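These features come from TrEMBL:
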type     : residues : note
SIGNAL   : 1-26     : signal peptide
DOMAIN   : 45-156   : domain 'Organic solvent tolerance-like N-terminal'
REGION   : 161-199  : region 'Disordered'
COMPBIAS : 161-171  : compositional bias 'Polar residues'
COMPBIAS : 184-199  : compositional bias 'Basic and acidic residues'
Amino acid sequence: MPSRRHTALATGLLLLAAVFATGARAQAVTDAFSGLSVESDKPVKIEADQLEVFDKDKMAVFSGNVKVKQGTTTMQTAELKVFYAGEGGATEGNQRVSKLEATGKVVVKADGQTATGDWAIFEMASQQVTLGGAVVLSQGKNVLRGTQLIVNLETGQSKLVSEAPTGSSGRVQGLFIPGAMGQKQEKRQNREESQDQSN
């Protein structure tokens, strides 16, 4: 008979897998960061130093060097809280994930693109992701900086804003190197064409 800890671990993994599945319609953050969309047909692998399930609060907490991998997309953070709704506890299987909160440095990488921030919130009902703190988006030598990135996974619309801390301009900053993005798009297009030909 499996222990409660093993059951909680399995349930936590299933909860997170359900979260990723809800992003099947996810669009690119922007054209420059199109690899950061969720690939729902791929398995999800999660590693953490610890998992705690709080049935009364309808919450599961992955903590300590949390790593999530799905296809070519990876996310690393210090702590990931999974909030769920529904009757019963986490081990009964009739819950749905309502929200994810990642805290500590959050790093998302996919296909040569990276998004970093101090925290992230994934709202399942609105299909909205907010990455906040010192937000940096990069692809090759191209870099965007702000304090908050808001992405609607349903529509693919994204917005990068910068709130002015004391002594700062409060403006979004971008650095674009001519040709850097064009080479990446050309490689992606060539890869897609070769996949189409092999099918």
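Glycine too: its Cβ is placed from the backbone N, Cα and C atoms.
Model, not experiment: these values are computed from the prediction.
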>> If I take every residue in the domain 'Organic solvent tolerance-like N-terminal' (45-156) and average their pLDDT values, what number comes out?
In response: 85
> Where DSSP helix means H, G or I and strand means E or B, what are the helix, strand and coil counts for the domain 'Organic solvent tolerance-like N-terminal' (45-156)?
Replying inline: 3 helix, 82 strand, 27 coil
